[in-house]
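These notes concern the structure reproduced below.
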Amino acid sequence: MVVSTGWSWWHALGRRKVLDSLALGSSELARVLSTFDLTALGVGSTLGVGVYVLAGNVSKNIAGPAVVVSFLIAAVASLFAGLCYAEFGARVPRAGSAYIYSYVCVGEFVAFIIGWNLILEYVIGSASVARGLSKYLDSLLNETMEQTFLETMPMATDSFALSPYFDIFAFGISFILAVALSLGVKESSLVNSLFTIVNIAVVLFVILAGSFKADSKNWAIKKEDIITDSPQGGGEGGFFPFGVSGAIKGAATCFYGFVGFDCVATTGEEVRNPQKAIPIAIILSLTIIFLSYFGVSTVLTLMWPYYLQDSDAPIPKVFLETGWPVAQWIVTIGGIFGLCASLFGAMFPLPRIIYAMAMDGLIFQFLGKVHHYFKTPFYGTLIAGLLTGLMAAIFDLDQLVNMMSIGTLLAYTIVAACVLLLRYTDLELCGGSDIVSSEYIESTNLVTLKEPVTFGTVSRQLFNPFRKKHPTFLSSSVVTVEVLVFGILSTLLGLCVVFWERDLADLNPWALSVTSVIGGILVLILLSVSLQPPSSKPLSFKVPFVPVVPAVSIVINIYLMLRLDGNTWIRFGVWMAIGVMLYFGYSIRHSEEAMFHCKTPIPVKDWLWGS
């Protein structure tokens, strides 16, 4: 088969994954997980390092007692993303999370970019937790492990972000956990559920025990009473010592404490009744996580002045200072269980992403081979554990921690956009553009259904003056373009807020005018989208208040991405460059969808240079 230049290359980038009802129900993986297992997985993967570190750090350096408001804002932002994930979990219950969602809805190249990005996110996230567990345990042993590793396995290097020693403990715990995951999902999830229950019990203990030592005066400290050596100072005192802007800035940091719940969405092929279990587990996970963060941060700032909090281990420090050494050790030991659960939850999604991409032919297929006995992606899991352990052992992740966030935020943005696109089209998930339901034929004029996309027809459809009740090719095309423009303008709006922050605070006319115009156009786009005919496809869960909720999620996620430092974007760019080379060198010709759409793979000369 001869493939023409240009068009075939472009078509390959945009081809979408075919999923029929049979494919949605079948899987090589064992369906053994329940809603409780998924909820425990979501809570365990998120409620780890954050609950033992984040509250103290944000309250001392960024928000003060208003850290509770920061967590509330972050929870709302996370809930928007969680609702979008929940709807997609109901639509596409397959392994792969945001990767499979974007493959079904947007196209192959975008899906590859998301999947490649998620691999990096989960590797960095798992490695950071493993390294954190190592340091946490070492602090209980008076840094004995660090001194031993420095003497026996030093890494004499001045290279950027490398560790001064090879952390064999972090490497070992990562690989051991990978082996446990490869031997069976149900067995390893039972251990994770146990660790998560202990973790939640410790959080409840902190909240209940700490409430007896709470003093409301710590939320009304006067500026003249503040004595601190913190570089940030103690602010102005009161509940908002760093101002309302401090609480909002703290929310950007606290948002990363909610990263991890999306691992629930990667389990679509290992869950009983995934259409109902995944949405329920996501909402329950976010609720438990928020209540835990809110309760712990409230108790911490009421028990002890915010400016005296310990940035690294606030909970044990507070109980020690208030004269409860027994409680200090209960929290310390409970922290180990919490970090173990967090490590499990962080590593669990990685082999599922690798499995999904390997089965689609976008990465080497042996990585997705399912073991005949254990019913897990055996080799992919072990290689994921090896890679995670290596990263945890040789890298100082202080400079790389934001890499985990940028991948997550990008995935959240794509999923929210996909929800908007699918909500305003009735095309089946198999991706065919010529499928017309009988309901269409009965309620929609066929001439209108096949109406050509021209400037005149698009202009008339922008606000749907004829009140069409069912999506057409024209209305779907309008929404697609509007979502794309919305994403671009959201980026411009975020850049304005980031770079003109002081000008906006000083009410600079030029900055206010440009920002207001962009915001106004975004509102008009949302109004136009809301007037388009929605899909009537029944789902077990739907995002409420569409298009507002997905749109707000897109704006928030893009803004938080733009708040990340330049070095994070550079490292992200390098990783993406490697991925793009892999896609055009291997994936585009070995994709399962390429075999489906074309009996003969696209020749190298045609997609690379043209013929």
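Placement of Cβ uses the backbone N, Cα and C atoms for every residue, glycine included.
TrEMBL does not curate its annotations; it predicts them automatically.
As annotated by TrEMBL, transmembrane segment applies to 32-55 (among others).
Annotation source TrEMBL lists transmembrane segment at 67-88 (among others). Same-chain residues lying 6 or more positions outside the transmembrane segment (67-88) and placing a CB less than 8 Å from one of its CB atoms are 55, 58-59, 97-98, 101, 247-248, 250-255, 257-258, 261-262, 264-265, 278-279, 282-283, 285-286, 289-290, 293-294, 297-298, 301, 306, 412, 415-416, 418-419, 539, 541-544, 549-550, 552-553, 556-557, 560.
Taken from TrEMBL, the feature transmembrane segment applies to 100-124 (among others).
Sequence annotations record features per position, and here TrEMBL assigns transmembrane segment to 165-185 (among others).
Same-chain neighbours of the transmembrane segment (191-212): 36-37, 40-41, 43-44, 47-48, 51, 180, 288, 292, 295-296, 298-300, 302-303, 315, 318-319, 324, 327, 330-331, 334-335, 337-338, 340-341, 344-345, 348, counting only residues six or more beyond its ends whose CB sits under 8 Å from a CB of the stretch. Annotation source TrEMBL lists transmembrane segment at 191-212 (among others).
Only residues 6 or more beyond the boundaries of the transmembrane segment (280-307), in the same chain, are considered here, and those with a CB under 8 A from a CB of the stretch are 35, 38-39, 41-43, 46-47, 50-51, 54-56, 58-60, 64-65, 67-68, 71-72, 75, 78-79, 82-83, 85-86, 89, 200, 203, 206-207, 210-211, 213-216, 218-219, 221, 226-228, 230, 234-235, 241, 254, 257-258, 261, 264-265, 314-315, 317-318, 321-322. Sequence annotations record features per position, and here TrEMBL assigns transmembrane segment to 280-307 (among others).
Counting same-chain residues at least six beyond the ends of the transmembrane segment (327-355), those with a Cβ under 8 angstroms from any Cβ of the stretch are 29, 41-49, 51-52, 95-97, 99, 115, 118-119, 122-123, 125-126, 129-130, 132-133, 136-137, 140, 173-174, 177-178, 181-182, 188, 191-192, 195-196, 198-199, 201-202, 205-206, 209, 260, 262-263, 266-267, 315-316, 319-320, 363, 367-368, 370, 376-377, 380-381, 383-385, 388. Positions annotated as transmembrane segment by TrEMBL: 327-355 (among others).
Residues of the same chain lying 6 or more positions beyond the ends of the transmembrane segment (401-422) and with a Cβ under 8 Å from any Cβ of it are 80-81, 84-85, 87-88, 91, 97-98, 101-102, 104-106, 110, 114, 117-118, 120-121, 124-125, 128, 256, 259, 262, 476, 479-480, 483, 487, 529, 535, 543, 546-547, 550-551, 553-554, 557-558, 560-561, 564-565, 568-569, 571-572. Sequence annotations record features per position, and here TrEMBL assigns transmembrane segment to 401-422 (among others).
Here the transmembrane segment (473-500) has Cβ contacts under 8 Å with residues 413, 417, 420-421, 424-425, 427, 433, 448-453, 457-458, 461-462, 464, 508, 511, 514-515, 518-519, 521-522, 525-526, 528-529, 532-533, 551, 554-555, 558-559, 561-563 of the same chain, all six or more residues outside its ends. The transmembrane segment annotation in TrEMBL covers 473-500 (among others).
As annotated by TrEMBL, transmembrane segment applies to 512-531 (among others).
Residues of the domain 'Cationic amino acid transporter C-terminal' (541-591) grouped by DSSP class, helix first, strand second and coil last, total 40 helix, 0 strand, 11 coil. Residues or ranges marked as domain 'Cationic amino acid transporter C-terminal' by TrEMBL: 541-591.
According to TrEMBL, the feature transmembrane segment maps to 543-562 (among others).
Positions annotated as transmembrane segment by TrEMBL: 568-586 (among others).
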Long-range environment of the transmembrane segment (165-185) - Cβ separation under 8 angstroms, sequence gap at least 6: 29-30, 32-33, 126-127, 130-131, 133-134, 137, 145-146, 149-150, 153-155, 191, 270, 343-344, 347-348, 351, 371, 374-378, 381-382, 384-386, 388-390, 392-394
Cβ contacts under 8 Å made by the transmembrane segment (543-562) with residues that lie 6+ beyond its boundaries: 77, 80-81, 83-84, 86-87, 252, 255, 405-406, 409-410, 412-413, 416-417, 419-420, 423, 486-487, 490-491, 493-495, 497-498, 522, 526, 529-530, 534
